[in-house]
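**Q** I have a structure here, written as structure tokens, and I will follow up with some questions on it.
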Amino acid sequence: MNVFLAQLLNGLDKGGAYALIALGLTLVFGTLGVVNFAHGALFMLGCFCAVTFRYLITLETVTIDPEKLSPWGSPVEVRTPLVQNWFGDFGAVLVDYSVPISILLAIPAMLIIGIAMERGLIKHFYKRSHAEQILVTFGLAIVLQEIVRSFFGANPVPQPIPSDLRGAADIGVWFGMAAHTLTYPWWRLIYLLFSAVVIGGVFAFLQFTTFGMVVRAGMADRETVGLMGIDIDRRFTIVFGLAAVVAGVAGVMYTPLLAPNYHLGMDFLVLSFVVVVVGGMGSLPGAVAAGFLLGILQSFASMTEVKSLIPGIDQVIIYLVAVVILLVRPRGLMGRRGIMEN
Amino acid sequence: MTNFRTNRRGLLKGAGAGIVALSTPHIFTKGAWAQNFCNDPTSGKIVFGFNVPQTGSYAEEGLEQLKAYELAVKHINGEGDGGLLNTLKPAALKGNGVLGRKVEYVTGDTQTNTDAARDGARRMIERDKAIMVTGSVTSGEAIAQQSLCQEMGVIYMSGLTHSNDTTGKDKRRYGFRHFFNAYQSGVAIAPFLAKEYGTDRRAYHLTADYTWGWTQEESIKNATEALGWETVATVRTPLGLGDYSQYLTPVLNSGADVLILNHYGHDMVNSLPQAVQFGLRERQANGKNFEIVVPMFSELMAVGAGEAVKGIIGTSNWQWSLDDEGTKAFTKSYGEAYGQPPSQSAHTGYVQAILYADAVERAGTFYPPEVIKALEGFEFDGMGNGRTVYRDTDHQCFKEVLVVRGNENPSSRFDVLNVIGRTPREDVTYDASIFGGELGPYEPNKC
């Protein structure tokens, strides 16, 4: 039972990341009609916002200690973090909490990147075929990842969990089980909560604000909204920026779970597209539901008991689900009739 | 009295026999194999091909290896401080190139991909006329390249490759490995595991699902079971997986008290910190502290894994902080050139380039069968691994294996691993026949 619960938590956690990326992808497809293969790269750029922030906050003064020599005979460099020099203990806390704090950098950075991407490149492809959109956004994704690689190298850059949030929570005790029966890392619980809050925030924004209402109207009938004198293009540009922010902050908070590397976007891209296809192209609730569903299925498929029944199922389960969905219900679980059915 | 009669047929026979007889001594003269082997540099340039991952998952280790190869060429050609040419014993190289001529090189990017590695090696041989190809960071790359090189009659000196298969079932006459292997890791680490964690342990293996992972798992499983440890489960994980949570969760309630991560590169960089996040190291199981073991370590991986690596035991081929003359000389050369200590990936690449050049010098020819014979059974010292031999039956180097532990209190960002033991060469030597395979013929093919 406790293994089952732990795998359920794993699935929800993983599903949270899938849902956040797929949500942005669906927003862009639903509003602009663009199949954005660079969306995974936005997740990766979010990760590197955290890396950049930590790099900046841990900038050091370097002095030479002539007394000590390195193994190759040159004087040893003594490094002292600037922030700790300036702010003492508070500086140490800033360094320790660099990942969550870097969200403050990621939000404006990703908004600017998203808007620049849409205005600078993607808007020129609105009237082109989906194949051309895929090609250009895929090319953009490669360019972005190579830029990141040239700055940060190819190796993963681990980001630490704040020291207060390390280790695992004894969840079993909360539910009356014996100690150590069901433990789960604190940061993964935080990520799950964070995913729920961001997803809830996006839905609330679209549901309860005037801006959101216009966007939803534009998603339903862009032409009519335009005829009513509303500059829907400008709003959709902002939606693209919002999608970039959602992907970016998802990436920031994921960095302690998975050391970011330049290729991370590509790793998540395919999964996210499967999530969108299963959920239904253009359906926001579908993207979220499919994200969590596939995350949970992937976790359960990795259980030894399941793998002993169907060897290798853990590696193909989500694609298998996608194939079945495409055959049985081409528009996806919650997709609108007629969208991407042919 | 005998009458000699000549006719046209007899004259031709005699002339033919005479030509063969007259030319026979030259077959045994050094350098007389001109035109008989691939990329004979007698009348052209001497080109080494350095084929390493410059992009992809293991690019960082590949680029380190490439820097070391470039340093090796400098030293072979007599530039710089000479590095390990000063400490290699016995050494035939004089610091004036190979057989008195300067070495040039070409580079390739394997993209951490087997097919790209093979294509790159082929291009180096066919287009760039490389006389020797070297470099790898995965066993897949190494095995693919040495098979191709065997077909083309060009010697391949592998870089970083740890699978038993490289010098086991996939060994080749034209392939040589300086790096240690999974079997040797298992044998080397076992006594230290017994000393640190006892002989009554239950181990759970998570293994990368490809050739290296399988051989690593088999080797460490055999070694720990010989100690008396019980193997609870061996679970294969997809190569390149980022999130290992679904594989780590079952460990918690499996009854195991040791997790053995048969992961390398990015797999290990992700799986180890995640295992620590799941609280495994704070956990008690079977009345003991839960432990994590990573049988094969590299410094670059240790840096990537961050804090999680502290206190973790593994094995290593070489470590820059050793205090022998060879290590000090190489660390000094590399540190001066690049401002940081070399990794084991850099070290093995450098040593391979030097050993090939030295073998040519000793053979007095580039003719591959003679160079192969010069390497086979060659016993040397001064390269940072103590006394080492290139075994003739499988082309595996035998030398001491280092047992290392993640440094709890690093004094610098390079100081990530501590050497806690050295397993002697005799202890990690095994019968070549246990891994099977055939070396194949000496005689080279033409390109």
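Placed from the backbone N, Cα and C atoms, the Cβ positions cover glycine too.
Where the annotation comes from TrEMBL, it is an automatic prediction and has not been curated.
Pulled from TrEMBL, these are the listed features:
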- A:15-35: transmembrane segment (TRANSMEM)
- A:42-64: transmembrane segment (TRANSMEM)
- A:97-122: transmembrane segment (TRANSMEM)
- A:134-152: transmembrane segment (TRANSMEM)
- A:189-215: transmembrane segment (TRANSMEM)
- A:236-257: transmembrane segment (TRANSMEM)
- A:269-297: transmembrane segment (TRANSMEM)
- A:309-328: transmembrane segment (TRANSMEM)
**Q** Which residues of the chain, 6 or more past the ends of the transmembrane segment (A:309-328), have a CB below 8 A from one of its CBs?
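**A** Cβ under 8 Å, 6 or more out: 271, 274, 277-278, 294, 297-298, 301-302.
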**Q** Do any residues, 6 or more residues outside the transmembrane segment (A:269-297), come within under 8 Å Cβ-to-Cβ of it, and if so which ones?
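**A** Same-chain contacts beyond the flanks: 7-8, 10-23, 25-27, 29-30, 37, 39-41, 141, 199, 202-203, 206, 219, 317-319, 321-322, 325-326, 331-336, 339-340.
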**Q** Would you kindly list the residues that approach the transmembrane segment (A:15-35) from elsewhere in its chain, counting only those six or more residues past its ends and only Cβ-Cβ distances under 8 Å?
**A** 42-43, 118, 122, 125-126, 130, 133-134, 137, 191-192, 194-196, 198-199, 202, 215, 218-219, 236, 239-240, 242-244, 246-247, 249-250, 254, 268, 271-273, 275-276, 279, 281-284, 286-288, 290-296
**Q** Can you say which of A:42-64, A:97-122, A:134-152 has the most Cβ pairs under 8 Å with the transmembrane segment (A:236-257)?
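**A** Stretch with the highest Cβ contact count: A:97-122.
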**Q** Considering only Cβ pairs within less than 8 angstroms, which of the stretches A:42-64, A:134-152, A:189-215 has the most against the transmembrane segment (A:97-122)?
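**A** If we count Cβ pairs closer than 8 Å to the transmembrane segment (A:97-122), A:42-64 scores highest.
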